[in-house]
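Engineer: The following block contains the structure, expressed as structure tokens.
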Amino acid sequence: MKKYKAQFIEFMLDRKILTFGEFILKSGRVSPYFFNAGLFNKGSDLIKLGRFYADALIDSGIECDLLFGPAYKGIPITITTAMALYANHHLDLTYCFNRKEIKDHGEGGGLVGGALQGKVLLVDDVITAGTAIRESVEIIHAHSASLAGILVALDRQERGNGTLSAIEEIEQKYQSKVISIVTLEDMIHFLKNEKTMIEAFSALNKYAEQYGVLRKNL
């Protein structure tokens, strides 16, 4: 596992972004883990978070002209990612985000930031049903820009109603690569080597066997 991935998992555990137990999902499934991106709520969190997103983007090799953050959670993530890309990788990208309600005074419009054009990387926390992604892609295409890819913190690697995960469905629908800082598979591999987390490892591994779409046998 790459260093930044392990460090991100440690960061999530330390800030209790990632917790273990029994959590009922909207689908009715009982998940052994819970990811709460809303707890990235301190200045120090955002600085670290931006670095992890930036590392994942650079590692992916995806090229883009602009970062787009869907309101609301995608906004701070996109801004801190843009800052980290410049500070740590000397990559100075424009960013942009949408408003939930279109403003009809001042600068007006439904977007804030740079002009939405060129190759756009969509940045968000996670993909569940894919509704926010669909709305964002519609905005991107409405401005004659192209979707370069999608960057999220966590790929749950979990089947929906069919055989594909939410991310695989998005990739198939929009013919664009979805990259993540970590995956469920990464978390399982990390926990496997943590003697104090044997119970969590066992629960995640069992859940992955039942609902997962992992790329290889764990």
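Note that the numbers count up from 1, one per residue, in the order the chain is shown.
Backbone N, Cα and C atoms are what each Cβ position is placed from, and that goes for glycine too.
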Engineer: Pick from THR78, THR128, THR196: which one does Swiss-Prot list with PHE34, PHE35, ARG156 for the same orotate site?
Structural biologist: THR128
Engineer: Any same-chain residues 6+ apart from LYS26 (5-phospho-alpha-D-ribose 1-diphosphate binding site) with CB under 8 Å of its CB? Would you list them in sequence order, or say none?
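Structural biologist: Those within reach of LYS26 (5-phospho-alpha-D-ribose 1-diphosphate binding site), by Cβ under 8 Å and sequence separation of 6 or more, are THR128.
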Engineer: Work through the binding-site residues one by one (THR128, THR131) and point out the residue whose CB has the fewest other CB atoms within 10 angstroms.
Structural biologist: THR131
Engineer: For PHE35 (orotate binding site), what is the secondary structure state per DSSP, taken as helix, strand or coil?
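Structural biologist: Note: PHE35 (orotate binding site) is in a strand by DSSP.
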Engineer: If you count, for each of the binding-site residues PHE34, PHE35, the other Cβ atoms lying within 10 Å of its Cβ, which residue has the minimum?
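Structural biologist: Least crowded of the binding-site residues PHE34, PHE35, by Cβ count within 10 Å, is PHE34.
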Engineer: Per 10 Å Cβ neighbour count, which of the binding-site residues LYS73, LYS100, ARG156 ranks highest?
Structural biologist: ARG156
